[in-house]
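Peer 1: This is the structure, below, for whatever I ask next.
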Ligand SMILES: Cc1cc2nc3c(=O)[nH]c(=O)nc-3n(C[C@H](O)[C@H](O)[C@H](O)COP(=O)(O)OP(=O)(O)OC[C@H]3O[C@@H](n4cnc5c(N)ncnc54)[C@H](O)[C@@H]3O)c2cc1C
């Protein structure tokens, strides 16, 4: 074999894994099928392409996503390094210029002397040391190969739907009917498009009755609650949107009063020309999207440069399929790991984090070391613990959130203060872990 390890898939998890293994001194073949073959969501040949939102979520120590980011930064994650370098304004969130981010990541990984990027589709699982990071849109022969190691017949190999928001050009937004401002006066990053009660009700009617793109026959709809299509949220009740993506609370207009409902637009590129409709993932037919979303007064003449789309999303039922170290039990191999979203996590950074963990574990296998136990107080450890210990029945992909960490010993009522405590505990636990396992501290 040409390489010490083969990493299949140059997405967020694959890039993270390849980078770390290279840092540990291994030669890595990183296989990416694009541009020869594209998934329904990827648009470029770049490694680590973001397929939907350009936001990587909150970035403070008072949010669970902030804990994960801090750990990834501490561990020298290339995904975080690139995100920090390609940041665009987005209030308290870390949003990036999507092309700059992926280009930077591609350059970072391709320039490592012991990483070789091989541009071709891999159609079977290699027999040597391998990390499979082919993502939630894995299809064809590789999906069948995964099904075989995960066991598909009794429901252990699952799938569900996910949806992406449309993007408009800012020049086409009617700013006389919109205003800038982040929620609770935290800056000016978002463009807010308000609706009166009458406008909202007409919009809601149109949304719930609009035509949707057809589904494939073999696909059974299983929505992930954190990423529901906007029309699906609307269908749950006339006011559901006003408590979800159209929530007006903390967004007073120029007259100082909160509107009845509001659609927020978030910057999507470095130059600030493109904005996405926050939380408006959708499966409406493309023509229907323009018709319905133009009922939002500020978007009446909006130019939709990307329509919302909806895709199949593959992941395994981790508590049944994986061994606690991201290895599929059905493969009976010490040197085959899954990574990324297919392990049963949800989110860009959670996927990258599972690339990092798989690489750490692989490195230990190749060096003949015992596999390390990441402390559950850390975000990484709690995600792994969730994959190992969650209830298999109705298993759903999981974002990092306080509910998966072991509870604090004392009760702290204030959410921000509570989260800050989790944050400090996580970073202390990570430092202790790295002191005990100095060979895994490859950040420098
Ligand atoms: C449509 C959609 C929208 C999403 N939106 C968001 C969002 O807004 N925010 C969020 O946090 N998360 C989102 N997710 C979830 C998840 O965070 C992303 O899918 C993330 O990119 C997963 O990272 P990954 O590395 O596991 O997979 P990917 O980033 O998809 O990477 C997999 C890579 O493997 C390559 N590949 C696949 N098969 C093969 C093969 N056989 N041989 C060689 N290469 C192969 C693919 O081309 C791809 O580059 C979304 C998912 C989907 C499907």
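For all residues, glycine too, the Cβ spot is worked out from N, Cα and C.
Pulled these from TrEMBL:
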type	residues	note
DOMAIN	4-368	domain 'MnmG N-terminal'
BINDING	9, 10, 11, 12, 13, 14	FAD binding site
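Distances, neighbours, how buried they are, the whole picture for these features please.
Peer 2: Over all protein chains present, the Cβ of residue 13 (FAD binding site) has 35 other Cβ atoms lying within 10 Å.
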Peer 1: Excluding 9, 10, 11, 12, 13, 14, please set out which residues of the same chain place their CB within 8 Å of the center of the CB atoms of the FAD site, keeping sequence order.
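Peer 2: Near the FAD site, beyond 9, 10, 11, 12, 13, 14, sit 7, 15, 16, 17, 32, 47, 48, 133, 134, 135, 339, 340, 351, 355.
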Peer 1: Using a Cβ-Cβ cut-off under 8 angstroms and a sequence gap of six or more, which residues of the chain neighbour residue 12 (FAD binding site)?
Peer 2: 48, 79, 340, 348, 349, 351, 352, 355
Peer 1: Where does residue 14 (FAD binding site) sit in DSSP terms: helix, strand, or coil?
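Peer 2: In three-state terms, residue 14 (FAD binding site) counts as helix.
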Peer 1: Count the Cβ atoms, other than its own, that fall within 10 Å of the Cβ of residue 9 (FAD binding site), considering every protein chain shown.
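Peer 2: By my count, 27.
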Peer 1: Which residues, sitting 6 or more apart from residue 14 (FAD binding site) on the same chain, put a CB under 8 Å from its CB?
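Peer 2: For residue 14 (FAD binding site), the qualifying residues are 7, 8, 30, 32, 47, 131, 133, 339, 340, 355.
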